[in-house]
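Written below as structure tokens is the structure these notes are about.
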Amino acid sequence: MDIRLQTALLSAKASRKLLRRFGSGATAAPGLVAQYIDKDSLRKLAASYPNIILVSGTNGKTTTSRLISAILEKAGLAHIDNREGSNLTRGLITSLASYARLSGKPKEQTAIFEVDEAALPYVVSQINPKLIVLTNLFRDQLDRYGEVDTIRRLWLKSVENLDSATTLLLNADDPGIASLTKTRAKVVFFGLEDPKLNLEKLPHAADFINCTNCGSVLNYSQVYLSHLGAYRCSKCPLTRPNPQVSAGEIHLNDLKGANFLLLAKKRTITIESPLPGLYNLYNALAASTLGLQLGIAPTTIKTAIGQFKPAFGRTETFVSNSKKIFTSLVKNPTGFNEVIRTVFSGQDKKVVLIAINDLIADGRDVSWLWDVDFEPLAERAQKVFVSGLRAADMQLRLKYAGAASERFDDLEEAAEHLLAFAEKGETVYLFPTYTALIKLKAFFAQKGLTANFWED
């Protein structure tokens, strides 16, 4: 037994137990402790898992990884994941340590890890993943990640070092993701095939509008979401690859969810998802593609998705005094625009709380709010509350969009006013950034309305 690793494991387990006793989520600190004692703890702990699945991307990685977990569970495949750890390296080590025996050997054979975009290259260099799912690339936390192509270039170098033992599942509709094919790994594409979803034009907040090969303008015959769609370079041969797994005959049912026809190798099955919005349909498609790669029956995938419960704050709904609370994390223009498009697709007016923080986990630069299309709130919001550390910035942005708002600098006070304003039987809507979501989650957990975020 590796004495250094065993010491790191014991320390991580002890710190996790202690932190949990004092009410902390202990999602990262135990991993930091283990990594301080043994800098190779990630590589050593992961080496015992023959089947490691990594999920990354700007939007949807939490929901996609949870969907994959649900599919594996329904198929009877025991596994671990990092829902109790963060998606940074320290969080993966926290999860691996918490599940490992003191010998360092795992109890299961399969691990599913959601991985932060910036952390992915290092994680891939330390472990041998069997499957990697890459969902999309959008501008996000510019102060931390830089421009979106910076991440793409880092990922490009990372996948170049993969061998044929790894399978890459790539979103064919995203030019940035679909360009990651310079690799020895097996590549499988997934994407949408439904012309009726076509938007009139490419949104102004789209990120990849130029060819990743020659830099020329991309021509789109279909636009589904931001820069996701069917594209072709105006000069060089680059074009959207044909997906081996696709979703067609798509029906978006407002906040009730969506259903689509899953097509793969001439096999089709209709899947009903409880998750609303086109962005969540992409998540369900990515998870379905992975399930098929593992040989899981389409009927099992269908059942798992149909029974899925959202992760905390990801289109999650819970009830307080006969009032439904719908919560959706917001963190970048594309994600926020899609949430607004989904929530405000009907005619009834909504009561909304937008909570914007600018801590490190949120991104310190909030200029991205000016790329969000808030104009629908001016006509279709009955009442808008704003809160968080950057409530004043949010209120100013809404003013320019023509939407009136009421500001509360204290987040819990804002939540109380939100609930007090709504009528019984009404649904209210929370749109928080990450740290605001964590605080709201704790607030509602104290009221017994939902679980703490690390227990979800």
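Just so you know, glycine gets a Cβ as well, placed from its N, Cα and C.
A TrEMBL annotation is a machine prediction, not a hand-curated record.
As annotated by TrEMBL, domain 'Mur ligase central' applies to 55-289.
Taking Cβ-Cβ distances under 8 Å and a sequence gap of 6 or more within the same chain, the neighbours of CYS236 (Zn(2+) binding site) are CYS211, ASN213, CYS214, SER216. The Zn(2+) binding site feature in TrEMBL is assigned to CYS211, CYS214, CYS233, CYS236.
Mapped onto three states, the DSSP output places ASP365 (active site) in coil. What TrEMBL records for ASP365 is active site.
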Of the binding-site residues listed (CYS211, CYS214, CYS233), the greatest number of other CB atoms within 10 A surrounds the CB of CYS211
Cβ neighbours of ASP365 (active site) where a neighbour is any other Cβ within 10 Å: 12
What three-state class does DSSP give CYS233 (Zn(2+) binding site)? strand
Suppose the Zn(2+) site is CYS211, CYS214, CYS233, CYS236. Which further residues of the same chain have a Cβ inside 8 angstroms of that site's Cβ centroid? THR212, ASN213, GLY215, SER216, LEU218, SER234, LYS235, PRO237, LEU238
